[in-house]
Amino acid sequence: MGELLSFQIFINEPVELLNLSLNAKAVLPEAAVLMAMLGTLLVDLAGEKISARWSPPICYAGLGSALILLAMQWDGEIQESFLGAFIADNLAIAFRGVIVLSTLISLLISWRYADQNGSPIGEFAAILLAATLGAMLLCGSTDLVSVFVSLETLSVASYLLSGYLKRDSRSSEAALKYLLVGSAAAAVFLYGASLLYGISGSTNLKEIGTTLLSAPTPLSALALVFVLSTVAFKIAAVPFHQWTPDVYEGSPTPVVAFLSVGSKAAGFALAIRILVGCFSAFDTQWKLLFTVLAVLSMSLGNVVALAQKSMKRMLAYSSIGQAGFVMIGLVCGTEDGFAAMVLYMAAYLFMNLGAFACIILFSIRTGSDQISDYAGLYQKDPLITLGLSLCLLSLGGIPPMLGFFGKIYLFFAGWADGQYLLVTVGLVTSVISIYYYISVIKMMVVTEPKEASDVVKAYPSIEWSIPGMSSLKVALIFCVLVTAIGGIISNPLFNFADSAVNGTPLLREAITLASKSSIG
């Protein structure tokens, strides 16, 4: 009888363990993206024509479902999955929402681009959805194993996307550089993770953090350096930025659009999970290191952008500077600081993807990426001129654009926390960035008709009836409208950012500890 009871317990325990590890509620948005990815692969097997017809609606359905499921999780009961290796708190939901929306807009602006370059649409969409899946899982990962698996899913898919234009040598070069540097970053992370596991005997970030608090060692500091290097690589912070300009210039433009927002959002989510949740014992040290990275990123990114001739390279260095601005919120470690990070990433999503939509449209019509070729564009294409101008002004932080409110919130949080150096550098470099943004606008608008570039003089007639152009137009207008009027009606975004912080136990604990230490 006792043996029978033991056997029943043995049978029941794995079932309970399986139910715990496969808590589907937490990962339903990821499941929707996964189903869309599998669907695009299946229709791709049926041939290019069927794939071109059905891949877009399948992607829209999957990503739209993911957004709805994320909205249903918002402010609800916090769910965990994969034996606690993934958590769906408000912070994870917010960053996953940014990533899904960035993928949706990237796909809207990519159909015509992929068709014109002769790239299979189904394969492209499936790989982009795989990268999205990895980025979403990374936002909620609370275990070193899940962090690494998610990170590599995102990275490998990104390498494939970067080299997707097989006939373009620059695309192949970008993929190779990205692969080599990314592999080195992954190896560095694994070494840091092995040190953390050796010190704590656990792969759970919270348990590692508890161990480091009770007994910090020199090896822990070394692990911090290795892990922080990987995080800095993912967000393209100086001096781990060398891959960014070449990859941005050589990769397909829709891929660059996704990497500049989706991949960066996942990187900042990873930074919060690991640095705040795992290295609270080294709070002063990692904040000092991030202060240095932020100053270098804001300074070098915006100064070097002044000398760029390619629009994509200019936005590459601009994105490095923008990462420096977001790091101000992370260094603060306050409620306003974390909320400002979330708000700015949401604002950056629209203004940056709006700019890339304009660049793609110009590239489709002219085949050019050179800034000088935009001279006199207002005469032939007022839509691109207006859209690109508004998005660049928002990136520069000009009121009343959405970017101004995001930037002012970051600077306010930094000043309130005593980060005077970061705020001062941020203000100075923002002025520098305004110069090169307005230089592009001036070239498009002020140039006399006779001084227009040869590319603009030979500008083709605008035809929106071509397949893939209508979705590009919708994405462009949507991003530009949100960028232009989002600042005027920014209260929902402020509430969204505050809820993301208040609905995340990890951040609430960090804020409480920070306030106690400041009082002490």
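A Cβ is built for glycine as well, from the same backbone N, Cα and C atoms used for every other residue.
Worth saying up front: this structure is predicted, and the values here are computed from it rather than measured.
Annotated transmembrane segment per Swiss-Prot: 26-46, 54-74, 91-111, 120-140, 144-164, 220-240, 252-272, 288-308, 314-334, 342-362, 421-441, 474-494 (among others), in sequence order.
Counting same-chain residues at least six beyond the ends of the transmembrane segment (252-272), those with a Cβ under 8 angstroms from any Cβ of the stretch are 91-92, 95, 98-99, 102-103, 105-107, 109-110, 113-114, 117, 119, 128, 131-132, 134-136, 138-141, 147, 151, 154, 158, 161-162, 164-165, 171, 231, 234-236, 312, 315-316, 319, 323, 326, 330, 338, 341, 345, 348-349, 352-353, 356-357, 359-360, 363, 506-507. Stretch with the largest number of CB pairs closer than 8 A to the transmembrane segment (342-362), among 54-74, 144-164, 314-334, 421-441: 314-334.
Long-range contacts of the transmembrane segment (314-334) within the same chain: residues 235-238, 241, 244-245, 247-249, 256, 260, 264, 268, 271-272, 275-276, 283, 287, 290-291, 293-302, 304-305, 308, 340-341, 344-345, 348, 352, 355-356, 359, 371, 395, 407, 410-411, 413-414, 416-417, 419, 422-423, 426, 429-430, 433, 436, 440, 510-511, 514, each at least 6 residues beyond the stretch ends and with a Cβ under 8 Å from a Cβ of the stretch. Counted over residue pairs separated by six or more positions, the transmembrane segment (91-111) shares fewer than 3 Cβ pairs under 8 angstroms with the transmembrane segment (421-441), which leaves the two as not touching. Non-local neighbours of the transmembrane segment (421-441) in the same chain are 291, 294-295, 298-299, 301-303, 305-306, 308, 311, 314, 318, 321, 324-325, 327-328, 331, 371, 374, 388-389, 392-393, 395-398, 407, 410-411, 414-415; each lies 6+ residues outside the stretch with a CB under 8 Å from one of its CB atoms. The transmembrane segment (26-46) shares the most Cβ pairs under 8 Å with 54-74, out of the stretches 54-74, 120-140, 288-308, 474-494.
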